[in-house]
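According to TrEMBL, the protein has these features:
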DOMAIN    B:86-181  domain 'ABC3 transporter permease C-terminal'
TRANSMEM  B:21-47  transmembrane segment
TRANSMEM  B:59-80  transmembrane segment
TRANSMEM  B:101-134  transmembrane segment
TRANSMEM  B:154-180  transmembrane segment
TRANSMEM  B:201-221  transmembrane segment
TRANSMEM  B:227-253  transmembrane segment
TRANSMEM  B:287-307  transmembrane segment
TRANSMEM  B:327-346  transmembrane segment
TRANSMEM  B:384-402  transmembrane segment
TRANSMEM  B:408-432  transmembrane segment
Amino acid sequence: MNTTILSARSLSKRYGDGIALNNVDLDIAAGESVAIMGASGSGKTTLLHTLAGITSPDAGSVNYAGTEVSALNETQRSKLRREAFGFVFQAGLLIPELTAIENVALALMLNGVPRRDAEAQSAGWLAHLGLAGMEARRIGELSGGQAQRVAIVRAQVTGARIVFADEPTGALDSHTSANVMSALLAATAGRGNTLVLVTHDPTVAARCSRTLYMHDGVISLAPAAHPDATPPPVAHPVSTQDGSTFMQNQNWAGQP
Amino acid sequence: MKSTFSILWLTSRPSSGSKAVIALPAVAFALVTALLLIVLAGGLSFFTNPAQDDEFGTAGAYQMLAALAVSLMVLPILTLGGSAARLSARRRDERLSTLRLLGATAALVSVMTIVESTVIACVGVLAGVVLYVAALPAIALIPFQGQALGLDKLWLPANVLVIAAAALILLAAVSAAVGLRQVVLSPLGVRTRQTAPTVHWLRLALGGVAAVGLYAVMSTAMSSPSLAIVVVMVCGGFAGGLAVLNLMGPFVLKWLAGIGLRRAQTPVKLLAARTVLESPKAAWRQVSSLSMTSFIAVIAGTGLALISAAGESSNPAEMYLTGDMRTGVLITVVASFLLVAASAGVNQAAAVLDRRELYVSLDRLGMPRSVMDAARKRAVMSPVRLVTVGSAALAVILLFPLTGAALFFAPLSLVVIAGVLACGIGLVRLGLAASTPVLGKVLAQ
């Protein structure tokens, strides 16, 4: 049994009259890949943001590897996000002026890594995610799937122990979505790190090791009776296995 | 036509997120209008009943100098007006290019762009007229020929007011149409910003040739015994110098940002260099009015130095003329600074709002706000430093016979120029600082 790396206790968050989180308790083990599903407005993105220290809860606490995240000030939380967490957003949200390699290297440079080393490490990561030869391309010159893989590299290049992904495949077609998901799992759970992702897509959730369902700010283990939260198919149940296979296929086990 | 206005209403009605999209260009237009009207009023005040006021027979000299000052100011004011219109159009380009992708015709997108920008410009122009009226009592106190200018001389005739307002609104419509040409031609180009920017080296070559030619003409003409020819040549040199600067500026910025990019060892330097390289022309436009300020500062410093070197005259007409030239120069330079500060503040606030989503994502990734703020400020201040020094140097060269004389007879001119340029840079910094709370507000949402 892996040790708990991230835990939440009695998390509550309201936006006006709406309840986003209602007394949520959650433990996530190191190396897990956890999918959070639920209807729009069910509180899943708020949960992701609260776990990542982006949003402060109204009540309750979040603990990351012994650090009380909810007790940190904005600067300390920013530092924690920069050094220990990685993020992948739906639209990638890479910096359009920078090239692929600069977008990745920037994450390392923010942690004080010299540019030459940062770009060398970034180049290795990009190559292993099938982006060799595209290092100097601007983000606008990449396809959606390629840009999302750059975002995955950016999220993991710093050695983040947890990657938070908010609808990482939401803007992609099914084939590209499957490839990006393989890359994401390989780069995170496949290397012993943790992935927490929000998704509406049951096939994406099915590839994670655990799926949680949010309904009116409460976590449940079974989906609510809502079209957005249909149960995942069981055809591809094991995420880390997928990740390992992807890594072997890409011949990059243990890299970088 | 009915459907055009239905879509226009759907995409234009203010929402909480789009207020700034409308407010920023409107504020920019208000400032442009107020400055233009004040400059025109000041200039035309010397043409009001000149015979009646011409106690010392110097009305002609005053009129010539007033015309010179107005010509120095009108171009940068209109340039800022063009920037405001482009700002108005650019801030809509994403939405409009999406409409284009959805099948809206090029004509519909063009009409929407022009109508939106024109309506916003109209609101700004009206606010600018109010600002102009509000500023008049203070401006009326400025002394010329030993007495305050007076309110009665500063009221612009109704026809001048209407023509100036109409010209600004027309400028808005034309600039918006030109600014969005790219959306009409290639919706994907703007939607994904995938087209790599290009600035041709020929700009540098052509600019260099033009600068040499300009210098040769100026050197010959400056030795003319006729004051009128010298004044015409100063005006011509000014316009020509500015054209050379605008031709060479984007390429030089691109070249230097490329060097900065290769040497960048920190996130701030990397981001700033890439921001300039993303669009050297846009980076230049943002600071080009400072090239004007810098140019004016050198001319002003030279003029003041030569006046000081000539010594105090016992003739009251000459005494007034000397003092009033000093006042006029000061007003011209201060107005230039105000233009630059307004331009920097508005453009930067708009840039932060344009990139709201990206800044929020960078904040979530853990990028310190200080890094984001420092990077966007550096992206402006690096070109500012280059433009300030480069434009001043170019002005010194083009006016060399005069600047050389000023340096010899009154070294104080150097102090004046340095002080004026330092003030200019300081004002740009203030303009940028004014946009910092916008970043804080975006990240707090």
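Glycine is treated like the rest: Cβ placed from N, Cα and C.
When Cβ distances are compared across the two stretches, the transmembrane segment (B:201-221) makes contact with the transmembrane segment (B:384-402), since 3 or more pairs at least 6 residues apart fall below 8 angstroms.
The recorded stretches the transmembrane segment (B:227-253) and the transmembrane segment (B:59-80) share 3+ CB pairs below 8 A when only pairs 6 or more apart in sequence are counted, and are therefore in contact. Most Cβ pairs under 8 Å with the transmembrane segment (B:327-346) belong to B:408-432, among the candidate stretches B:21-47, B:384-402, B:408-432. Listed by sequence, the residues of this chain that lie at least six past the ends of the transmembrane segment (B:384-402) yet keep a Cβ under 8 A from its Cβ atoms are 211, 214-215, 218-219, 222-223, 234, 237, 240-241, 244-245, 249, 252-253, 256, 284, 287-288, 290-295, 297-299, 302, 306, 417, 421, 424-425, 428.
If you look at the transmembrane segment (B:59-80), the same-chain residues 6 or more away from its ends with a CB under 8 A from one of its CBs are 28, 31-32, 35-36, 39-40, 42-47, 50-51, 53, 144-145, 171, 228, 231, 234-235, 238-239, 242, 285, 288-289, 292-293, 296, 321, 324-325, 328, 331-332, 335-336, 339, 342-343.
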